[in-house]
Amino acid sequence: MSRAVEPERRLLAIYTGGTIGMRIEGGVLVPGRGLAAALRTLPMFHDEDHARALGLPEDTLVLPPASPDQRVIYTVLECQPLFDSSDMTITEWVQIAQTIERHYGQYHGFVVIHGTDTMAFAASVLSFVLENLQKTVILTGAQVPIHALWNDGRENLLGALLMAGQYVIPENQLFRGNRVTKVDSRRFAAFCSPNLPPLAVVGADVILNRELVRKVRGKERLVVHSSVERDVGLLRLYPGIPAALVRAFLQPPLRGVVMETFGCGNGPTKPDLLREFRAATERGLLIVNCTHCLQGTVTSGYAAGMAVAGAGIVSGFDMTSEAAMAKLSYVLGQPGLSLDSRKQLLARDLRGEVTLPSGDEHQPSLTCSTLGRGVAQLLSLSQEAAAVREALTPGLACAAAHAGDLDVLQALVELGSDLSQENFNGQTPLHAAARGGHREVVTMLLQRGVGVSTRDEDGLSPLLLAVKGRHQDIIGLLRAAGACLSPQELEDAGTELCRLASRADLEGLQSWWRAGADLACPGYDGRSALLVAEAAGNLEVVTFLQNLQGGAAVQAPGPVSSQSTGGPRPWPRGSRSLEGTSDPSTACPAHPAPPHWAGGSHLPPTSHPIPPLRHLALQKTLKSGWVCSGPWVPP
Ligand SMILES: NC(=O)C[C@H](N)C(=O)O
């Protein structure tokens, strides 16, 4: 929050109705037109001489000087129709946001004159719908019309105009808008902010609570989120509430519910009631648990905590029900998010509307690495930047996978990111993790069922990258998940094997063997790796290759490539992931290695006979080695 320095501060006062401008008709209060005209007659609201000197139009007024070098000039925009705020809905509140957006460039700040009955809802909705707000928006109203002799309207409106005119507060009120609730129908102090102190206290001096004012980051353009979900409801639990009533309430088209619970978020634990909540969350209804206590937060300290009713119920912590409803409307209105991502958004502090428990486990633990901080920053990008975020995600996921940063990948998953997306050169996070040799990341990705057979732009698979990196354990994991080398990848394998043999690179040879390559495959000159090793006198390699040849196979068990069988064979449409799900993107024979082959502990010894491989049918070929020709037969 900073003090404005311009000599002239221009404000737009959007008059929507409410008691402040009401008049009595037929013995009751009804919204009254002509607020600007009424204010014009009150010297505290209008300096006629100065206005004439400036040539201001009819709807534009100027306050007497609040400080010697600053004037607040304000235009009153009277809405049509005017409302008792009890009749207002989220539609009107979005329209207010759109009005602010339309006039955003022309004014330094905005005052929304609103009825007090639903002002807390309005303020909450505005706080979510207006993103990247860099200017002051203050909502004000009154309990008694401004026309009455003794009223609170004048002071409230004047205070709002002065605050909006003199301070840059990118918030909605002196109380934070999404923290307030109306607590008194008569007293002038109608509102309270039970879980957050006021942002500013106005007396003879204005005392600002600077640490509480949310800082504006960057200079991003104002975004108005007009698409909000209207089918959001509020259900207050009471002792003995029947399950049938709850069932009736939770039916479609309802998409989100704020459930007001007792105390620390507790509710009746009757099985039939819990069944209704569970059934509702399972079909995708979002339920936020808010306590109906004015102060305090939802915790998980009681068995009767409604959080146990179903994994789908999200804690609203200390949010007001008004803020929770607005948040639900906003989150459900965001296009293209998965249910999990919406829950993630609900569990985060988006606009200062909630106090999360310290060390909150609902926040992704992102701050521990540079990449993590990058992700955290991405998370805070505006919705407008969703396209940018989407474009960045594959690259970021690959970078995280290459760095072995499981936390970041987990955070991306929680955001609903697809971890099988390819980056600019066609590589997936699995490629990156396989190349980097990150066993945990590979395991996580395979458990999520990512495709093992995706080839990058150069035709390379994660398996080949693991071979090149000599990551034996990763090779084992990939093979167990159904990965195999393609004919293209095996095209020059013979030459590479000979090169490795000539350099006595046993580890390199073992990698190829474990990946399912035929180690008898000849190099460019027709010689095999064994011949090359013999010629070079690399005894360890010779022993290794002879053991393979003599013992059983020069090719590791597991999925086999089409080339190694001497010709293409029909590949089944899917192969198994670690979870046993079918992955339509993989194109390998569905013969995963038996589980004991995963993990890299069963390399053929270099000086002992390899264990008998009963399940392999072997056949001599024209080449000098052995290939596996038959299908894997379970022992
Ligand atoms: N004090 C008020 O403004 C109450 C009025 N019914 C309204 O909300 O519009």
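Each residue's number is its place along the chain shown, starting with 1.
Including glycine, each Cβ sits where the backbone N, Cα and C put it.
Substrate binding, as stated in TrEMBL, involves Thr116, Asp117; the candidate among Ser67, Ser85, Ser127 given for that site is Ser85. A sphere of 10 angstroms centred on the C-beta of Ser85 (substrate binding site) encloses 20 other C-beta atoms. Highest local Cβ density among the binding-site residues Thr116, Asp117 belongs to Thr116, counted as other Cβ atoms within 10 Å over all protein chains shown. Residues belonging to the repeat 'ANK' (425-457) score a mean pLDDT of 92 in the model. Neighbouring residues of the recorded substrate site, listed in sequence order and excluding Ser85, Thr116, Asp117, comprise Gly18, Thr19, Asp84, Ser86, His114, Gly115, Thr118, Met119, Gly141, Lys182 (Cβ within 8 Å of the Cβ centroid).
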